[in-house]
Amino acid sequence: LAAVSVDCSEYPKPDCAAEDRPLCGSDNKTYGNKCNFCNAVVESNGTLTLSHFGKC
């Protein structure tokens with residue numbers, strides 16, 4: 001089973017587009033899109049990971 005991951009190397013970004021492509025984080029919180037999720041990953045110092053694509 002391959003780990004689900006997203007490349008957050010280009011983040012953080014100051015502004016996120018309002019695209020609706022939800023991701024579920026390891027904190028059981030739904031993030032609206034990759035940008036919002038990756039900003040949160042950076043803020044968490046890498047402790048936040050992707051649980052799965054789609055809403056939690």
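From the backbone N, Cα and C atoms, a Cβ is placed for every residue, glycine too.
Under a cutoff of 8 A between CB atoms, and with a sequence separation of 6+ in the same chain, the neighbours of CYS38 (disulfide bond) are VAL6, CYS8, GLU10, TYR11, PRO12, LYS13. Per Swiss-Prot, the feature disulfide bond maps to CYS8-CYS38 (among others).
Reduced to three states, the DSSP call for CYS16 (disulfide bond) is coil. Marked as disulfide bond by Swiss-Prot: CYS16-CYS35 (among others).
Swiss-Prot lists CYS24-CYS56 (among others) with the feature disulfide bond. Cβ-based neighbour count (10 Å, all protein chains) for CYS24 (disulfide bond) stands at 18.
Taken from Swiss-Prot, the feature domain 'Kazal-like' covers 6-56.
Non-local neighbourhood of ASN45 (N-linked glycosylation site): empty, since no residue in the same chain at least six residues away has a C-beta under 8 Å from its C-beta. As annotated by Swiss-Prot, N-linked glycosylation site applies to ASN45.
Here the domain 'Kazal-like' (6-56) has a mean pLDDT of 95 out of 100.
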